[in-house]
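**Student:** Have a look at this one.
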Amino acid sequence: MATPNFKHALFCAIVTIVIAYPILGLNLVAESTRVIVEGADTTTVISVFAAALVVFLFQLFRDRIMASLGGLPKLNPFADREHMPESKRARLESWVLTGIVVLALFWPFFVSRGSVDLATLVLIYIMLALGLNVVVGLAGLLDLGYVAFYAVGAYTFALLSQYAGVSFWMALPIGACLAALFGLVLGFPVLRLRGDYLAIVTLGFGEIIRILLNNWTALTGGPNGIGGIPDPTLFGMEFGRRVKEEGNTSFHDTFGIAYSSEHKVIFLYLIALILAVITALIIRRFMRMPVGRAWEALREDEIAARSLGLSRTAVKLSAFTIGAFFAGFAGTVFASKQGFISPESFVFLESAIILAIVVLGGMGSQLGVVLAAIAVTILPELAREFSDFRMLVFGAAMVLMMVWRPQGLMPMRRTHIQLRRQE
Amino acid sequence: MQDLLYFFQQLINGLTIGSAYALIAIGYTMVYGIIGMINFAHGEVYMIGAYTALIAITGLTAFGIAWLPLVLIVALICAVIVSSSMGWAVERVAYRPVRGRHRLIPLISAIGMSIFLQNYVHLAQGSRNIGFPALMDGGFQFGSADSFQMSLSYMQITIFITTLICMTLLSLFISRSRIGRACRAVSQDLRMANLLGIDTNRIISATFVIGASLAAVAGLLLGMYYGSVDPLFGFIAGLKAFTAAVLGGIGSIPGAMLGGLILGVAESMTSGYLSGEYKDVVSFSLLILILLFKPTGLLGKPEVEKI
């Protein structure tokens, strides 16, 4: 009885060794001009074989393990619990979100400069993820070139400030609108494509934008990037030690306090926070508007939605454009926070990270996306020695999520009525 | 005369790269033809093939074995074994559990797998690019020595011949063998093939293994041609090969070959006459244009969506 199982298990174990040993166990080392192969240390080799053994045993007793797992008590004690009524849930969610925002408002005044800086980055990621959530989570369009719109926002601000001396507050709407325009122009032809083609085309578009930024040296500075991007001002008050522009005053002089470089960091953080909240609120509105429902309808069943009179192009295009708009928003803030941008910041990996945030958080769910953005950005900072493993873990997490919990950690709940059978 | 030679040089370079793209593209097109998903991790399988081949070559040189045909064949066999195991395992772990779900789910799973494999190699072998030893030097030269010389290197000839052999074997395999026939049946109608007693799971695994083996061959060839490998080696090549598959009509094997060649030539003409930096832009623009104006590709069948 155990023969087929045994053969399969043995096969799986051999495959494990074959795919793990050459790459992990034999390291290529460049020695002056030659390349030599070095065996890895014993621990690695032992762990490869241990992994093979685990695979072997698991496959051998797979049926029994699966059966006993089914018999175990549920891991999630709330799984059988009755769902909260929709109105209560929504209220709870908005209370939690408000609580987070209020906490976030006062928090930077008590912590170090480094953590405020990191928090600003988290907020930028939240904006990006919320924007991508519209495209991927709500409209079901897989956009792998989202970072291109982020780049458009960032570069718009950088170039405008360099060539025209435009300030942050002017550049913010311009950058966002230009990114939205790019989304519109790209989206118009490609949104007719089916889902997976769309993914590849957007990926190609992202790469095109990056290559152009890298090679159009005369305008963008190429790989050297653009520096000296000005900080935002508060009603004409600058945060630097000395006033750079004519007619402005400096923040610490106006209020008669000592200069501190922390003011600027906190101010940037607050701007990012306010913009993130605005992003969340606007998208929340959109979700409840007819267009938001149309996005979801088209995602769930395109043919049914079209036969109910929804224009496919218009609905998809609106999602794509709105997503791009918020990416441009985030890009402007990013440029201003860094003070320097280069094409290095807008590689495909960045798109993948934002996508991972949306997927992990639960496609369509705002609270989930916010929590995932915080987790994905902060966890690698907390465990710095593991930061090399960050992308490895992301990749694995994306696969495992899709296999076990494709709806994400905090799936979105739609307003619905549950019909109960009468006893 | 010189201009003509220059043109032919670009053509030869393009056909060389293009035939290697075609080898990778087969993997995309076969998988798409059968289960309708883009195997995003295919480029990484190709990259792992290149790494394995390099490890094998270096290992053999360390043992003092330097007879070129033997080295190449052993490297090829190692690369094919490791890559095809990888392809099999990837399908098993990341794609089979999500098969038949909403379109986006296998795709995201595939992207996750691609990121995972890239970083797996990155962590194990370092992120720097590692030089491939130059095993095949020299070639034929055409034209006078004082002006432009067209060269056709032995490496390029090897790539042509190997690709030709692989493609012929593949065509024979698909048209004559039992598994090949089953592959065709499954790609026409998976459920019906299942009802008729074909073990569709096995056929799908076989598709991944075949695609991965061809990718490994391409990995060895292109690794030697370019002269170095790094963990990101597979990403762009995978995208190019996918473009080639779409160009020729996804799901069609002759289409993948044609698409690969066209893409290779287009790319090398761009680097020859415009600038090497923009060759990726040209190939992606080609992809976008093809998808816009002829989404079925050059040799693909139009797809009718049934309700």
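Including glycine, each Cβ sits where the backbone N, Cα and C put it.
The annotation transmembrane segment is assigned in TrEMBL to A:9-30, A:42-61, A:92-110, A:122-142, A:147-164, A:170-190, A:197-213, A:265-283, A:314-334, A:346-379, A:391-407.
On this model, are these features tucked inside or out on the surface, and what's nearby?
**Tutor:** Within its own chain, the transmembrane segment (A:42-61) has Cβ neighbours under 8 Å at 2, 5-6, 8-10, 12-14, 16-17, 20-21, 24-25, counting only residues six or more beyond its boundaries.
Here the transmembrane segment (A:122-142) has Cβ contacts under 8 Å with residues 150, 191, 195-196, 198-199, 202, 269, 272-273, 275-276, 279-280, 283, 286-287, 292, 295-296, 298-300, 315-316, 319-320, 322-327, 329-330, 333-334, 337, 353-355, 357-359, 361-366, 369-370, 372-374, 376-378, 412 of the same chain, all six or more residues outside its ends.
Within the same chain, residues 148-150, 152-154, 156-157, 160-161, 198, 201-202, 205, 313, 316-317, 320-329, 331-333 sit at least 6 positions outside the transmembrane segment (A:170-190) and bring their C-beta atoms closer than 8 Å to a C-beta of that stretch.
Listed as Cβ neighbours of the transmembrane segment (A:265-283) (distance under 8 Å, sequence separation of 6 or more from its ends, same chain) are residues 97, 101, 104-105, 108-109, 113, 116-117, 119-120, 123-124, 126-127, 130-131, 133-134, 231-232, 234, 239, 251, 322, 326, 329-330, 333, 336-337, 366, 370.
With a cut-off of 8 Å between Cβ atoms, the residues of this chain six or more beyond the transmembrane segment (A:346-379) that come close are 93, 96-97, 100, 118, 121-122, 125-126, 128-130, 132-133, 136-138, 143-148, 150-151, 154, 203, 206-207, 209-210, 213, 280, 283-284, 296, 391, 394, 397-398, 401-402, 407-413.
Residues 349, 352-353, 355-356, 359-360, 362-363, 376 of the same chain, all 6+ positions outside the transmembrane segment (A:391-407), place their C-beta atoms under 8 angstroms from a C-beta of that stretch.
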**Student:** Same chain only, please: residues at least 6 beyond the ends of the transmembrane segment (A:9-30) with a C-beta under 8 Å from a C-beta of the stretch. Say none if there are none.
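**Tutor:** Distal contacts: 36-40, 44-45, 48-49, 51-53, 55-60, 62.
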